[in-house]
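First the structure, in the form of structure tokens, and then the observations on it.
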């Protein structure tokens, strides 16, 4: 059930796909790669390990290993880029910018569309790579690839809708012209939880605007970014427009600093933790670079007495357990009004037991894969133990899964209080803590008692209450009687310390455009 949520949401009401471009994989005898504990048919042409700079695959003296979080098996080794490689990538992007910004919007649109076509044509292969490196169930990975590709499709269309303006001034012999121009080279730093979609959501907008990019993918999941490079190259994206420089954790700090401070970089877009975002903002401040940030969340999920409990439970399942709770918009704090509290908790527990099956993402029927690594498991374990020590009740789950490794049981906690770590910190795991409340004002106050504000959800059948709460929640995105809110057509972003700017939608391309005013006199 849970694995279908993402796929269902992205496929709903979609028109038939345009006939795709040429398939990357060979019709027969294509080379495959396998690893212990994984499938024997990962496509070798897409599973690249070198950096991709200036349209070329470049090895580095050092490499780092990438592991399957489900089996612990080694997927392979990837180029470990450092400061020299980062500067070379920025230079390649800068050199390509002068020509890329000058090509027609129709041509940019066409190239992005070809890239989209290749993603759709190779969607099954790309999904397997996501499951192998992130652990998420294959159906969720398939949903992510569609979501990821749709950003390229969307921004291929938005590229042709960048409009300026003409202003009639108070002086009759003057006119004001407003131009929109690409900002320049953009540094793109992406997370591991959506290793494909977080790239195309940024890169699609950047390339559509006429910018060039340097992508630093998360060290846990570099293969998806490199697979996208292979397809971008095949689609005809010019050399230097899309560059990828993977690096290990030991080099992430120095590479990130280069991408934020190099004078040839004009724009930074980052998705990740609030703590890391603050560091990057500090680096960017010295040269006053344009910055977009999508940072941490602590999403409240409020269920009022007037809510349809069954619908609320279905929404809670979708919002909480997608990608094992490892999403920035997943519900972190469940606030349930006293009148329906017991009914909600009972039905929520039943749905979890019935619908969630923990296992390897490649296994049929798996709905929850592993957490990304041991450190993530330890954090979830810490939050659960802290809650229990402070009086919370474990309704279901509450410990590491019997499979061992990076697996953790889907967990539901009741009798939760506001001082517990699972309420004050982002858990980023399959834990649903439930707080009981009495009045609407109390729920809104608890929901807003955080220094972050990415997403919020609530269930109610009271129209007046819906308007009040939607306006009062201090978040960038609100789901009303809906647990899945992400859509390529809608703006994604937060308030407070959850970030700066918006991604996706018609607003996403503006993050990569400068507004220039031209005064035209002597008329």
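Residue numbers in this text run from 1 along the chain shown.
Glycine residues also receive a Cβ, built from the backbone N, Cα and C atoms like all the rest.
Residues annotated as transit peptide in Swiss-Prot: 1-35.
Summarising the annotation, Swiss-Prot assigns N6-acetyllysine to 114 (among others) and lists similarity to another entry as the type of evidence. For the recorded site, residue 114 (N6-acetyllysine), the DSSP three-state label reads helix.
For residue 114 (N6-acetyllysine), the Cβ neighbour count at a 10 Å cut-off comes to 21, with all displayed protein chains included. Look at Swiss-Prot and you will find 114 (among others) tagged as N6-succinyllysine, backed by similarity to another entry.
Residues or ranges marked as N6-succinyllysine in Swiss-Prot: 123 (among others). In sequence order, 142, 145, 146, 149 are the residues of the chain that are 6 or more apart from residue 123 (N6-succinyllysine) and have a CB within less than 8 Å of its CB.
If you look up Swiss-Prot, you'll see 172 (among others) marked as N6-succinyllysine. Sequence-distant neighbours of residue 172 (N6-succinyllysine) (same chain, 6+ apart, CB under 8 A from its CB) are 523.
In the three-state DSSP scheme, residue 193 (site 'Transition state stabilizer') is classed as coil. Under the heading site 'Transition state stabilizer', Swiss-Prot lists 193.
The substrate binding site feature in Swiss-Prot is assigned to 201, 322, 486. Cβ-based neighbour count (10 Å, all protein chains) for residue 486 (substrate binding site) stands at 20.
Annotation source Swiss-Prot lists N6-succinyllysine at 253 (among others), citing similarity to another entry. Long-range Cβ neighbours of residue 253 (N6-succinyllysine) (same chain, at least 6 residues apart, Cβ-Cβ under 8 Å): none.
Among the features that Swiss-Prot reports, N6-acetyllysine is placed at 253 (among others).
For residue 353 (N6-acetyllysine), the same-chain residues lying six or more positions away in sequence with a CB closer than 8 A to its CB are 396. Taken from Swiss-Prot, the feature N6-acetyllysine applies to 353 (among others), supported by similarity to another entry.
Within the same chain, residues at least 6 positions away in sequence whose Cβ sits under 8 Å from that of residue 390 (N6-succinyllysine) are 417, 419, 420. Taken from Swiss-Prot, the feature N6-succinyllysine applies to 390 (among others).
Marked as N6-acetyllysine by Swiss-Prot on the basis of similarity to another entry: 399 (among others). Take the CB of residue 399 (N6-acetyllysine) and look out to 10 A: across all protein chains shown you find 13 other CB atoms.
Annotation source Swiss-Prot lists phosphoserine at 487. Mapped onto three states, the DSSP output places residue 487 (phosphoserine) in coil.
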Neighbour count (Cβ, 10 Å) for residue 201 (substrate binding site): 28
Shortest C-alpha distance to residue 322 (substrate binding site) - which of the recorded positions 193, 399, 487: 193
When distances run from the Cα of residue 114 (N6-acetyllysine) to each of the recorded positions 193, 486, 487, the nearest one: 487
Residue among the recorded positions 193, 487 whose Cβ has the most other Cβ atoms within 10 Å: 193
Residue among recorded positions 193, 399, 487 with Cα closest to the Cα of residue 201 (substrate binding site): 487
